[in-house]
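Visitor: Below you will find the structure I want to go over with you.
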């Protein structure tokens, strides 16, 4: 608990080192940060809490000079100051320890710390040792300068990175997902270290998606959700709340309703609601850096929307890919309307009516440099009537593409515009048009509204409801609990490659799913 | 606010998407031809340093490669193998596979064609001999590309490295074959048996231009149409432009990869065959024209477009035939042709970069 407050100034009087003022950042097809305001003060551990995709990394990218905001200002010591580059950020006193280790494993600690000096000077290792000692000793960090980095534990490597940031006279230290690879012991040590750093007047920004750490280490907690800042809990309130109350409050901010969220509307089930998509004991072995799947079983009926909730990266993508035939499975069976899909490839499964709308619209969903018209038919290359005897029939393609563009309200300058030039909402409409093409029986939507603006989010959600209304089975994977609550009949929760529970949507379902998502009992 | 964002982002696209296609073509021409002029000036400076009048050199190259009847016929003849090479590289590059092993594939095709044709012609009719030589060269080159293809398709091994390495091995193997296996016992210099002139590909009309030129033209146009107009070509382009999208769309990427390598190497091997049965007649030991590496920049200059490639192959032939004459007459090393082509490529890349920056600045 942040009980060891030694700074005498009241919290809101502490000096603001960095202020974000209405900062917005867009990427092709995605709004990563939407008018975020943030004040980072000296002497505070400021926790940025949010799920993957909430916009934390982009925010750090802008603070560390890797990216420039599209709108809004960044103020340093109260003066507007664009952070032009990572080295500029360092010279402004902003040091960042990234999630993934940035040390050279084959060099010694001393050599790593000396990197980035003037290239024409020989590193003065003696001087360095004295400075490291001066910085590390009061913080209780023990650093062996002669050790080769690859021999150090991850926690030790992180300490080296923190020292490296402090060597550059950082006033603001950003720790990006710093605990993700640490042992519980290492996490506790890092917490204590952060406390000592802020006692010495530094500001620390601590990024995490783990609630417990936020409550334990933070002086101030800002909650990000889908690129927007949805709440901030100041030091006074943080101290006055009991741990459980605090967790409840943060949960409600992370998963709670926002103004402007669509109304709840769950489509009626058709009279004939037999099971369409059935999955039994699906299993995928974990890969080098992907999680696996273990004993996944569920059923989706005609006209049913089954939601899959969970913190991002718990196997949702693997599940979608395994169902679509894109990923090899290591056991289990999938049937669609009584027909087994086992052993069939992507094309066959699509033909039988299983459709997969990917969450990675530009990365795998489309070929960005190809025209919109071709992207509609990317999964039908070679099929009549668009290709006959292997020869492309442009007129057929363009006629159908024009129909789809009108039907799905895709706003594009022309059919020959490269699809990568469209906005995210319009790319999504192209994908939806493609997956819903005739013959669809079950559709997997993977994070269908991720990165879309409000209007397109609403339109997409309505489209999904319509799909279910037509009697198709829908599997809706989303990290946005509110979205699932607003349209699903049932919600399954995924955690570490398993389904840890399925909850019928209704009163109180949000709380129960939310607790399952963060690893508590429902 | 969100609704506004959509329409706002659609409007500028509308404005820029419509008109200006004529201006677009003009800009394309400018950033293609401008750098070539700049390169001629830069290469001219190099010549000045060597103490040679660049105007005299360029004049001589144009005269010998383009204007004199004999030179022009040589230029057109030279185009025949180069067009096959360009066709092979277009298939590979458009599919995102960097087959840099052209020289090895070419030479192995050439050597096997040169070894088989003079023997086959004794038992087969002339036309069948030529067909057989083509088939043999194609298959041998395909086999030579198999290792890089399989490594890339199933293990993800970078084909740039493997094809280059296989090319070194292929060139050496071709030499060894000429010196040890396919040696013509009737001559003292190590070379293969010679295909008699009357059994080679017929010449066009009353000239010395080989009919291989026509085959080359037909092939590269066919490849261009295959890549742009057919489902198969589109599949290859999807793999090249976004391999993950290809997997997502259910394409069999490993199989397509192997096919691309086979097609690419096969076409290059055919280039070797056409050079032998159409032009050279035999392979001498240590013969390696290194066409493969010369054609790579040409294909890039043409932006992997078959028709543009014909134009640039013609230009390369003019430069190399004229350059060979100039080398003899003016004492400029023959490699200067490649220096010129490389300078063109570099200035073109710079122009592309500047154009990109300019576009970004205009948009911002």
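Cβ atoms here come from the backbone N, Cα and C positions, even for glycine.
As annotated by TrEMBL, region 'Disordered' applies to B:1-21. Among the features that TrEMBL reports, compositional bias 'Polar residues' is placed at B:1-10. Marked as transmembrane segment by TrEMBL: B:29-56, B:76-94, B:130-151, B:163-183, B:203-225, B:246-270, B:290-316, B:336-354.
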Visitor: Looking only at residues six or more beyond either end of the transmembrane segment (B:76-94), which have a C-beta under 8 A from one in the stretch?
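Guide: Residues 102, 105-106, 208-210, 212-213, 215-217, 219-220, 223-224, 226-227, 233, 236-237, 240, 260-261, 263-268, 270-272, 274-275, 278-279, 291-292, 294-296, 298-300, 302, 304-306, 309-310, 313-314, 316-317, 320-321 contact the transmembrane segment (B:76-94) from elsewhere in the chain.
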Visitor: Under 8 angstroms, Cβ to Cβ: which one of B:130-151, B:163-183, B:203-225, B:290-316, B:336-354 has the largest number of such pairs with the transmembrane segment (B:246-270)?
Guide: B:130-151
Visitor: Under 8 angstroms, Cβ to Cβ: which one of B:29-56, B:130-151, B:163-183, B:336-354 has the largest number of such pairs with the transmembrane segment (B:290-316)?
Guide: B:336-354
Visitor: Checking distant contacts: for the transmembrane segment (B:336-354), what same-chain residues at least six beyond its ends satisfy Cβ-Cβ under 8 A?
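Guide: Here the qualifying positions are 31-32, 34-36, 38-40, 42-43, 46-47, 294, 297-298, 300-301, 316, 319-320, 323, 326-327.
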